[in-house]
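Engineer: Attaching a single structure in structure tokens format; questions to follow.
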Amino acid sequence: MILSVFFYMFLLHIRRLDCFVAVQDSKTLFKGSTLINDSHGETLVSAGQRFELGFFTPNGSSDERRYLGIWFYNLHPLTVVWVANRESPVLDRSCIFTISKDGNLEVIDSKGRVYWDTGVKPSSVSAERMVKLMDNGNLVLISDGNEANVVWQSFQNPTDTFLPGMRMDENMTLSSWRSFNDPSHGNFTFQMDQEEDKQFIIWKRSMRYWKSGISGKFIGSDEMPYAISYFLSNFTETVTVHNASVPPLFTSLYTNTRFTMSSSGQAQYFRLDGERFWAQIWAEPRDECSVYNACGNFGSCNSKNEEMCKCLPGFRPNFLEKWVKGDFSGGCSRESRICGKDGVVVGDMFLNLSVVEVGSPDSQFDAHNEKECRAECLNNCQCQAYSYEEVDILQSNTKCWIWLEDLNNLKEGYLGSRNVFIRVAVPDIGSHVERGRGRYGEAKTPVVLIIVVTFTSAAILVVLSSTASYVFLQRRKVNKELGSIPRGVHLCDSERHIKELIESGRFKQDDSQGIDVPSFELETILYATSNFSNANKLGQGGFGPVYKGMFPGDQEIAVKRLSRCSGQGLEEFKNEVVLIAKLQHRNLVRLLGYCVAGEEKLLLYEYMPHKSLDFFIFDRKLCQRLDWKMRCNIILGIARGLLYLHQDSRLRIIHRDLKTSNILLDEEMNPKISDFGLARIFGGSETSANTNRVVGTYGYMSPEYALEGLFSFKSDVFSFGVVVIETISGKRNTGFHEPEKSLSLLGHAWDLWKAERGIELLDQALQESCETEGFLKCLNVGLLCVQEDPNDRPTMSNVVFMLGSSEAATLPTPKQPAFVLRRCPSSSKASSSTKPETCSENELTITLEDGR
């Protein structure tokens, strides 16, 4: 026996000597070779030195547990992406990784005990197998030396980490570590949803813990970002965002990224920052309310409240004792039946609840109006709630969603909310309105009562009395709030008039439906902006100041406060509320809500930390931060946003005031078109219109609009061309660039183009990052857009195609642009303080707005 053990150890030693040179700093292990854990630390390293395979002890533990794993090469601390024997650690230092006689990969100890193997079909005598560590981190077992004959691979047997090159399908799961230093299977599993396509789920043991949302479904704030969905699909699937197909991203952007199911229950996406540290880009669930159905059925979650969970009005906890102790999983149930005996419909009502997340509805259909949608729910005793939306106003397409089962996964919040009308029995309404802060964590929430005229006159009197009292108290509260606001300016329209202005006319909306963005209380906005403090002022626009605000949970917003009496200001307010609410695109700024209280008229937008495009490209220092690739992405993003407005949105819209100061930049420098106050809607086959009131910004208006008042989609194309040329040159169109010729930037660009010296227009800050061919392509497109004849200008769909083209030589040759002289010859008597005279006698109303 002793002799046999000695002989076995001798063989291991010989095998180690045979393979040591082949293993250390190698990417391949052949049959009969071994990788031994000892003081030498033998490892397999991928060809490009990106990944390494070897034995490790988790997170520097001092115990004897040894695991075979793969980690990023030469990166500290160790970032392990795959573990072989996660359930069976080797408990001594004598552990060996080898290819067994039957062709399987094995982890064994010095006594030959097997701790892990691949479990694949044994190889034939003639088939030689080898194991190779690829540069993408995939460990592959290959037959006959042919990399196409993959017998087994770690990418199809992951642990807790997903790497570029893997593909998430219905059979793949990511299982978390048990703890920070224990790689055995933990409590959490990430996988594709087996019931709904392209959705993802985190399971906590056998319970659903988190579920992603998909853009285009009814509602879901936990939408999986497009970049991550694309990553998980191995860059093969076409992903849609807001019902629009999104073009593929560059796979090179994912080189140093990983997706991990953590032991804490979070799905996390990381990118290597500067090749040294992992930056967390995305994680879900991000808070307690992001956990699936955190408050149970008919329970609403808001992690910013003192009490995270509350039962909906008219509901009570199923298990009160547990609820009081903070266990909300049991949810809530109705205090009263919603139908009478034998299913007879009685006087039920609906509460309007603004939610940012709710479980999927059970059915949907096209309804002519909200009244029809409400009736569908009311006439069905199983109906718990409904929601209504006008999907396409021009074609009168509407949607009605119905919930027949208990509502779950309810989450309230400020941003991105939708209205869901909860069915409640009449007796429960009065008690809710009167008791203010309820017994089960019900906050003081304004409740909209939709009264159904089937209940008795006595019930009507009770409800109307309660409602009247509530409205009176709310108005007194608002008047008190208005008293604290400085009255430096007085606005000309009443609250009633402006609300009628919002909900009237061109959209033909049902007044009870209103618009698609929430209305906020003035008190909320005053608190968010520190009572419109000057310290929070971002800038002064043509229609009023813009302030930075902070909602609970560090949600940043931008608040535009309408300035003194202005026809343009009121028109802008109406446009931005009722128009932007209907638009959703990644390159359009998002309207989050509005407020009309007394004389105050406020618009709430998503906050853009990097202000506007002009803030960067016209500043000698800041322009260095926008390299050529970033400017190309910005130009393409603006083009896609305009294409959506002109062609792909539910409304066909002309912006009429596109300029660099109206292009806002988010945290990742993605462009967002803003300021739709001057926008116009075109319906049907309408392509152009005329106006006697020319509004816009000097230097960006097309000649036919500035001189004749004629505007069309090609007017926006002209403005886009100016923005393109300004972006690539770093020069303003309204400045003098050739004083002796008195040319605008467009004229200067045209002269350089004709002389085949277009590259001289390049912003000096782009000398190192720009490619000549790419620059000339953008200049070509810009000049095509500013041609004098609108019929010669391309459509935005053609512009997007040309910008995506790889060959500039195939683009059309531009014709002469519309030159605009900046000033007439100065009189010799003019003093230095005299304002320059304009050559045109046309009266122009010009808006000069600072970027937020």
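The backbone N, Cα and C atoms fix where each Cβ goes, and this holds for glycine too.
According to Swiss-Prot:
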ACT_SITE  D657  active site, proton acceptor
BINDING   L538, G539, Q540, G541, G542, F543, G544, P545, V546, K560  ATP binding site
DOMAIN    285-321  domain 'EGF-like'
REGION    826-852  region 'Disordered'
Engineer: Take the C-alpha atoms of L538 (ATP binding site) and D657 (active site, proton acceptor) and report the distance between them in angstrom, rounded.
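Structural biologist: L538 (ATP binding site) to D657 (active site, proton acceptor), Cα-Cα distance: 20 Å.
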Engineer: Across all chains shown, how many C-beta atoms besides its own are within 10 angstroms of the C-beta of Q540 (ATP binding site)?
Structural biologist: 13
Engineer: Just give the helix, strand and coil counts over the domain 'EGF-like' (285-321), going by DSSP.
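Structural biologist: Each residue of the domain 'EGF-like' (285-321) counted once, the result is 5 helix, 9 strand, 23 coil.
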Engineer: So, three-state DSSP: helix, strand or coil for D657 (active site, proton acceptor)?
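Structural biologist: The residue in question, D657 (active site, proton acceptor), is coil (DSSP, three-state).
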Engineer: Using C-alpha atoms only, work out the spacing between G544 (ATP binding site) and D657 (active site, proton acceptor) and round it to an integer in Å.
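Structural biologist: G544 (ATP binding site) to D657 (active site, proton acceptor), Cα-Cα distance: 16 Å.
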Engineer: Let me check the 10 A CB neighbour count of D657 (active site, proton acceptor). How many other CB atoms are there?
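Structural biologist: D657 (active site, proton acceptor) is surrounded by 25 other Cβ atoms within 10 Å.
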Engineer: Give the distance between the Cα atoms of the residue listed as 'active site, proton acceptor' and Q540 (ATP binding site), rounded to the nearest whole Å.
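Structural biologist: A Cα-Cα distance of 17 Å.
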Engineer: Could you find out if DSSP has V546 (ATP binding site) as helix, strand or coil?
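Structural biologist: Reduced to three states, the DSSP call for V546 (ATP binding site) is strand.
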Engineer: Neighbour count, 10 Å Cβ-Cβ cut-off, for G544 (ATP binding site): what number do you get?
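Structural biologist: Within a 10 Å radius of the Cβ of G544 (ATP binding site) lie 23 other Cβ atoms.
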Engineer: Enter the number of other CB atoms within 10 angstroms of the CB of L538 (ATP binding site).
Structural biologist: 19
